[in-house]
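Listed in TrEMBL:
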- H190: active site, proton acceptor (ACT_SITE)
- G8, A9, A10, G11, G12, I13, G14, D34, N106, I129, S130, N131, M241: NAD(+) binding site (BINDING)
- R93, R99, N131, R165: substrate binding site (BINDING)
- 3-157: domain 'Lactate/malate dehydrogenase N-terminal' (DOMAIN)
- 159-334: domain 'Lactate/malate dehydrogenase C-terminal' (DOMAIN)
Amino acid sequence: MVKAVVLGAAGGIGQPLSLLCKISPLIDELALFDVVNTPGVAADLSHISSVANIGGFVAAKGDFKGEKPETEEAKKQALTGADVVIIPAGVPRKPGMTRDDLFKTNAGIVKDLIVACAKYCPKAAICVISNPVNSTVPIAAEVLKEAGVFDPKKLFGVTTLDVVRAQTFVGEITGEKDPRKLTIPVVGGHSGNTIVPMFSQAKPSVNIPADKLDALVNRVQFGGDEVVKAKDGAGSATLSMAYAGFRFAESLLKAAKGEKGIVEPTFVYLPGVEGGDAIAKATGCEYFSVPVELGPGGAEKAINILSSANDYEKKLLDEAIKGLKTNIEAGVSFVKNPPK
Ligand SMILES: NC(=O)C1=CN([C@@H]2O[C@H](COP(=O)(O)OP(=O)(O)OC[C@H]3O[C@@H](n4cnc5c(N)ncnc54)[C@H](O)[C@@H]3O)[C@@H](O)[C@H]2O)C=CC1
Ligand SMILES: O=C([O-])CC(=O)C(=O)O
C-alpha cells in the first residue's frame, strides 16, 4: 500500500499533479489537502477508473494559519499513513516579482504544513515545490529538526523542472527528437543564477555551439520568468511543474520499490546524505541541488559532479553559491528566530 498526499492540491500545480498521481499505478491511496476546494477536486478525480482511492480533505475556508480544530483534523486525516508528501501550497509569482518576494507568505505556509508532517507522518518522504525552494527546504529541515524527526534522506526540494527545461531547450538546439533521452544535470538552487546547468556532464554528450551557450544557460536559469511573463498576471508554471513534480515523486516511489540506478538532481541537506559532506565543504553550502541516487531509504548518495565543472561552469557555480548562502540563511533563521 503506497499513500501519497498533495498539500495545496486545489491549486494550479496541485490539480494536474493530483491527476497524474491518481492515474499512476504506483499509488494506491491519494489524499488531497488544501484550504479551499479539495472536495470538488477529489470528487472529480474519483471518477477516473484507476487504482488509487481518493480522499479530499479541506480546511476551513480562509483559514490560512491552520488554527481551527477542523483544519488540524483535516491535516491529520490527510497525512496519517503517508509514504510521500508533495507540497505545492503557497502563492505563485506575478510579473515583476522574484521568487524571494514569495518568502513573506510562503515561509509560514510551509512551516505550518511541515509541523503537521512531523506530527502525523514523520517517516514520509517530503517533496517541497513551494517557492522560494532555496529557503523553504531549510525551513522544512529546521522544523523537522525541532520536532526531533528530521531524516535528511527523506527531504527533497523539487528542482526537476530545471532539468526538464534543460532537456527541452538542449533538444531544440541539437535536434534530439526525444529530449527525455538526454541526461543533463542541473545543480545549485532553484532561482535565477543559483540554477547551474552543467552541459559538460550531459549524457550522451551534447555539443552546444559557443555562440548559443550564454543564451541557453540564461534560458534555463530564467525559464520560470518566461512563463510568468506569458501568463501575464495569472501565475507561474503549473502544468510543466505538475509533470516535473510527478516525475520526481515517481522516481522516489520506483526507488522505494527497489528499482536500481535512479538518479535525480534534487535540493538536499548535504551533511545528512552519503557523499554530501565533501560537496558541502567544497561549496560552503549545507543545502545544494546535486544528482542524488535514490533508493528504498530515500536519498542514498549525493553524486559530486561539481569537481568536474569546466571553467565556464565554475564561474556560474561561484555566482550560485553567493545567492544560495543568503537564501539558506533566511530559511534557517525564519525558524530559529521567528519574526515577531
Ligand atoms: N519548485 C518549482 O520548480 C516550482 C515551484 N512553484 C511554486 O509552487 C507554488 C504553488 O504554485 P501554484 O500552484 O501555481 O499556485 P496556486 O495559487 O495556483 O495554488 C496554490 C494552492 O495552495 C493553497 N494553499 C495556500 N495556503 C495553504 C495552506 N496553508 N495549506 C494548504 N494549501 C494552501 C491555495 O489554496 C492554492 O490552492 C508557488 O509557491 C510557486 O512559486 C511553481 C512552479 C515551479
Ligand atoms: O518562476 C516561478 O516563479 C515558478 C518556478 O519556480 C518555475 O517556473 O521555475
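Easy rule for this one: first residue shown is 1, then count along the chain.
Glycine is treated like the rest: Cβ placed from N, Cα and C.
Everything TrEMBL records as a feature, shown here on the structure.
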residue : record                       : DSSP class
G8      : NAD(+) binding site          : coil
G14     : NAD(+) binding site          : helix
R93     : substrate binding site       : coil
R99     : substrate binding site       : helix
N106    : NAD(+) binding site          : helix
S130    : NAD(+) binding site          : coil
H190    : active site, proton acceptor : coil
M241    : NAD(+) binding site          : helix
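Among the listed binding-site residues, namely N106, S130, N131, the Cβ with the most fellow Cβ atoms inside 10 Å is that of S130. For the binding-site residues R93, R99, S130, N131, R165, a Cα-Cα cutoff of 10 angstroms around H190 (active site, proton acceptor) retains R99, N131. Cα to Cα, R99 (substrate binding site) and N106 (NAD(+) binding site) are separated by 10 Å. Taking the Cβ of R165 (substrate binding site) as reference, residues of its chain lying under 8 Å away and at least six apart in sequence are, in sequence order, R219, V220, G223, S240.
The Cβ neighbour count for R93 (substrate binding site), using a 10 Å radius over every protein chain in view, is 20. Reported as a whole number, the C-alpha separation between S130 (NAD(+) binding site) and R93 (substrate binding site) equals 11 Å. Listed in sequence order, the binding-site residues among G12, N106, R165 whose CB lies under 6 angstroms from an atom of ligand 1 come out as G12, N106.
R93, N131 are the binding-site residues among R93, N106, N131 whose C-beta comes within less than 6 Å of an atom of ligand 2, given in sequence order. Under 8 Å, Cβ to Cβ, and six or more positions away along its own chain, G8 (NAD(+) binding site) finds G14, F33, D34, I87, P88, A89, G90, I129, S130.
The CA atom of M241 (NAD(+) binding site) is located 14 Å away from the CA atom of R93 (substrate binding site). Over the domain 'Lactate/malate dehydrogenase C-terminal' (159-334) the predicted model carries a mean pLDDT of 97. M241 (NAD(+) binding site) counts 23 other C-beta atoms within 10 Å of its own C-beta, drawing on all protein chains shown.
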